Every structure is written in structure tokens, then in C-alpha cells.
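**Student:** The structure under discussion is supplied below as C-alpha cells; questions concerning it will follow.
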């Protein structure tokens, strides 16, 4: 469903947000995409969803080439961005109908599909409201509705439950699981919540400094001992990324290092910058990795 | 075909949104209406309503379409723009639909202003009025496209104050309030270099019932060129990745 090779994005000015991503996601999988703030998650997501053009590498998404056939990719995927896409003032139902029609559906088909999608997500009664009148959890379900209304075979979710209360999170997880079970939907989701990754994902991909540093099932990454948080911190270190970046604005992040799936096997190649604080376990490092809302 | 359909869908959506914001439409035309009511009677002692109203129309177009780009800032912030960019809709359609929606707002405001003008004493022939409205709509397309482009590039917080300030010399130089034939030579020259002078004078001719004049031809040509260039610039900026 997703196959990338050496996918990279260097922004103007030389910031290498993503250095080289090799990914394979099979149809029907739920894959969790993890990494500290600034690791390149959102940039990768935006490349995979055709919003950013990669500067190197190739990718086939849902059977279409990302670079040569972005239209083909767009038709087959759904995307829920970090901040969502519910406007504040127009009735959400109207917006979803436009959204559906932009996928080529006729008026009647779009209405039917919208009604079905809203019903499934328990949103029917709210369709007449403007986005500004919805709660965070309701808005997030509408975001999901936008991503699903055209029945994509692959859904990208960028931090879908950030800022939601536990009820809304559990509810959203339930919907995601059900979509996979009933429709065979493939889901690629990024998250900072490792419990979310643990319960929802079949397989995890951890990236750091713009490259994949570990990959496997939650159990494999945990290695039988400790929590996923421990494993994550062992893989990516404990330094606070924003602080490191603030100290050296625009400086490229560390070199790609380590073999995928081999946590911590890379200390020898790691440049000093951004790693000097690492092993001492800087206070607050854990919170930053696990709980903070991602930067954009 | 697809692009036309997408443009139509996005336009219709934006028109619905625009029509719902009745206060926005009224406030956009309120300032020219105040000029009409409180300055018009003074002007009418030395000139005609057929001269004044076209000037006020230019004011409507510049303010309303000129500031319309603010909408894209809100849509970018709320994620709506990105959500639409992930659909297979043509990028150009996403921009053009928005621009045509804004242009329709300009058209409605122009109709309101002309109707009010009639109440005060404007007596323009219907074909002239219709031709003037068509020109205003085209002007609205160009200005709205440009406004969207500027809004996408500029710091969003600076957009409204800067654009609304930049619009004032353009309105004054168009000879909206007093015809530039009264101006000293240097001011007349500067005025001729701004596109809106030509649009205003063309609409004045149209309102006077003079259709086949060079002034009208120049106004139509300037408006058409402005629209094409601005839409091209707008599309370019909008299509730029990560814009």
C-alpha cells in the first residue's frame, strides 16, 4: 500500500527535514509512525499525501507513483492533518458534501455517502452546525469523516488524538479499528502517545533525524522488558529536541545512524550536537517525548 | 472539463458562504454608500451622479475584492485549505472558485450602490449599467486573485492594515471622487499610470450612454489585462508547494 525508497525532503535554505525514508506498509495494516518532535514525521506525512514534493527518492502510494501521478494518489487516500480541516463558520455537512463532490461524486451520490459516513461516526445530528460550535472530539470525528467520505483504501492520520479527552480517544480508536475490520482500510498514523501506538498499531516505525531508526511490532520494540516509552527513549535518546534546535537555528539535525530495528547501536557515528545531554537523562525528557503536542 | 466542474463546485460553495455573511456584504458597501449620501449632494452641485457613482464603484471593487484574500488566511489557519489540497480537485479550481465567489460579492455590492445612486438622482441607461457591472465583475476577479496571492505571501496580521492603506491612494488616483481632468499635470500623469483610472473613466462613459469610445475600449482592455495577469500571479503563488 505504501512503498518508499530513499524519500527525502530538503527545504530551501538547506534544512534536511527528512533525509531518507524507506517504508513498506501492507494493505490492511495499521502502522504507527513515531518520533520525537522535529524528527520529520509531519514532513514525511505531507510528502506521502502529495502536499510536499520530495526532493529525492521514490514512493508508490496505493498503487500510484507519488511524483508522477499525485492525482492518482489523491483519489485513493484520505488524510487527517494534525490540526484538522474543519472550518469555523460554514455548516460542516455542507463542507463535507463539497469535499465528497471534489472526488468526482455526483450530487445524489455525495449526499448519500456523506449521510452514511456521518451516521457511522455518530455525527448525523451535528451536520448543520458550523465547525466553531463543535467540541474538540466532535471536530476530530468530522476530520475523520472528511478523510473517509470518498472511501479511500489508505488513511493517513497525523496525531489524531492529540488534545482529546480519554473518552474521545477511546471512541476514535474504536472507529479506526472498526474501519480496518469492516473495510480492510490501511491506516498510517503518527502519534506521540505511545499507549496509543501500543494498543492500536500492528507495527511501529520510529524515525529520528529524518530517517527510520527502528521498526517492528510493539512487542518486538519493547523487547520483553519495560514499556514502549522506555523503548522509545532508548531508541531516540532523552534530549529535548526543541531546545537543541533553538540553540542552533537552522542547523541540520544529526546524521542518519543505526540499523533499523537495532535500538542504540549508533553511538559511534552520532555527532555531538543534540546528543550531548542525551544519556544523563535530562529532566523532562520523557514528558517531551511522550506527551507534548507536535510542532508543525 | 474536470477543472470547470471543480471550479463551479468551489465557486458555489464560496457563494453560499458569502451570501450567508450578509453583514460582510453590507459593510463592504457601507463606506461608498456614505460617500454617496454625504458627499454626493455636494458633488452634484458641480458634477453629475453619472460621474460620481462610477468612482464609488471603483472604491467598492478595490476595498471589497482587495481585502477578500483575508479569507484564504483563515482557511489556511483552520486547515481547510490543506484538506482541499489533498482532494483530486484541480489547484486552479480551488483558487478560481474562491475568486469568483469574491467577485460575485463585488457584483452584489455594485448593484446595491447603483440602486442607491438611482434614489439620489443617477440616471444611467440600462445597457450602460449592465456593461459597467460586467466590467466591475471582471475587475473583482483580478483584484480578488491578486489579493489571495498577497495574502498567501504576506504576514497575515499585516495583511488587512497594509492592503486597506494601499487601496486609498489607488482610489484617489483613479479620480473616483473628482475627475482627474481637474488635476494638475503631474497628478494626471501618475493617475494615468494606475489601472483604475481607466476603469472608472470607461464606466463613466458607459453610464453616460457613450459605448463605442476609446475610453471604454481602454477601460475594458486594462481590466481584462489586469484580470489575466492577476489570475496568473494568483495561480502561481497558490500552486507553489507549501504556500
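For all residues, glycine too, the Cβ spot is worked out from N, Cα and C.
According to TrEMBL, the record shows the following:
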{"type": "DOMAIN", "residues": "B:15-241", "note": "domain 'ABC transmembrane type-2'"}
{"type": "TRANSMEM", "residues": "B:23-44", "note": "transmembrane segment"}
{"type": "TRANSMEM", "residues": "B:56-74", "note": "transmembrane segment"}
{"type": "TRANSMEM", "residues": "B:95-120", "note": "transmembrane segment"}
{"type": "TRANSMEM", "residues": "B:126-146", "note": "transmembrane segment"}
{"type": "TRANSMEM", "residues": "B:158-178", "note": "transmembrane segment"}
{"type": "TRANSMEM", "residues": "B:214-238", "note": "transmembrane segment"}
**Student:** May I ask you to check whether the transmembrane segment (B:214-238) and the transmembrane segment (B:56-74) make contact, with contact taken as at least three Cβ pairs under 8 Å and only pairs 6 or more apart in sequence counted?
**Tutor:** no
**Student:** Other than its close neighbours in sequence, what residues sit by the transmembrane segment (B:158-178), given a CB gap under 8 Å and a spacing of at least six beyond its ends?
**Tutor:** 35, 39, 43, 47, 52, 55-56, 58-59, 62-63, 66-67, 69-70, 73, 147, 150-151, 187, 190-191, 194, 196-197, 199-201
**Student:** Grab the same-chain neighbours of the transmembrane segment (B:23-44) for me: Cβ-Cβ under 8 Å, and only residues 6 or more beyond its ends, written as numbers and ranges.
**Tutor:** 51-53, 56-57, 59-60, 63-64, 105, 108-109, 112-113, 116-117, 120-121, 177-178
**Student:** What same-chain residues lie close to the transmembrane segment (B:56-74): Cβ under 8 Å, and 6 or more beyond its ends?
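**Tutor:** Tertiary neighbours of the transmembrane segment (B:56-74) are 28-29, 31-32, 35-36, 81, 98-99, 102-103, 105-106, 109-110, 113-114, 117, 132, 136, 139-144, 146-152, 156, 159-160, 163-164, 167, 170-171, 174, 176, 196, 199-200, 203.
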